[in-house]
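Quick look at what Swiss-Prot lists:
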type	residues	note
TRANSMEM	18-38	transmembrane segment
TRANSMEM	39-59	transmembrane segment
TRANSMEM	74-94	transmembrane segment
TRANSMEM	98-118	transmembrane segment
TRANSMEM	145-165	transmembrane segment
TRANSMEM	173-193	transmembrane segment
TRANSMEM	205-225	transmembrane segment
TRANSMEM	227-247	transmembrane segment
Amino acid sequence: MSHGGGGHAAELFPEDQVLAIGAVLSLIGIYVAQLFPSVSMLLGGLLAVGACVAGANTTRRVAAYGLGTGVPSIGMVSLGMGTISALAGVLIPAAFGIPVLVTPILTAVIAVAVGFIVGKLTQNPVGMKVPIIVSSMTKLSLMGALAILGFCSAFAGGFSADIIINGAISNGVIALAFIAAGMAILHPFNACIGPDESHKRTMTLAVACGLIAWLVFSIAKLDIVSTAVAAIFWLYTFGTFVKISLADACEVKYVPELPKKE
């Protein structure tokens, strides 16, 4: 059922299961990027898509309470919290001599804490009356952090401070991660919202958005194999989304080319 007129259909996939799968896949991808840098974009980039899909699913659930134009905003908040958490997770081990392999777990812990604090602040003093806002902010912060760290690690070839700083921060790639992952998290429900929204269609678009984010990073890295695989996966998934959309539509009207003269 939808809440507050937000336009959200019954769930086909339990949110906590989607969240757990997305978190596990993205964490595996982050470690693959560190331990096997030669396939960091091919496998690490692919598995980072899991965090985007899980984040999009949580956006769908919280936005159904009638956020309206807040759907894009909450996606940007997710990546804002995620960027802070990812940078802290990368830099703290280097500053305090902690083993670098704890970086992804530390990032996740920091993200959960940041998301919880921001969620509480949205209740008081901001005053949002969404019942699940604290848990949703916590989950969105976690998925944003894992998406940022996932794509940056895939591009740079690891997550140690020196690798990330030189390979993803100094060159501005982290900004690309912010926008690409942010769009993958906020866009699916924003595009599918309405009385005829379906979980299957929204999640199919979420996968397509995550895959196109991976494709963008593959192209930026000039990784031919990853680019080809990502393009094939994206074309198939987006094609599936279009077919589902046409099947769900009440009526399909094909608009001819606009006349060039009056």
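Cβ from N, Cα, C; glycine included.
The transmembrane segment (18-38) makes no contact with the transmembrane segment (173-193), as judged by fewer than three Cβ pairs under 8 Å among residues 6 or more apart in sequence. Just going by CB pairs under 8 A, the stretch in 39-59, 98-118, 145-165 that sits most against the transmembrane segment (205-225) is 39-59.
Distant neighbours of the transmembrane segment (145-165): 22-23, 26-27, 29-30, 33-34, 37, 40-41, 44-45, 47-48, 51-52, 55, 79, 81-83, 85-86, 89-91, 93-94, 100, 103-104, 107-108, 110-111, 173-174, 176-178, 180-181, 184-185, 213-214, 217, 220-221; these residues of the same chain sit at least 6 beyond its ends, with a Cβ under 8 Å from one of its Cβ atoms.
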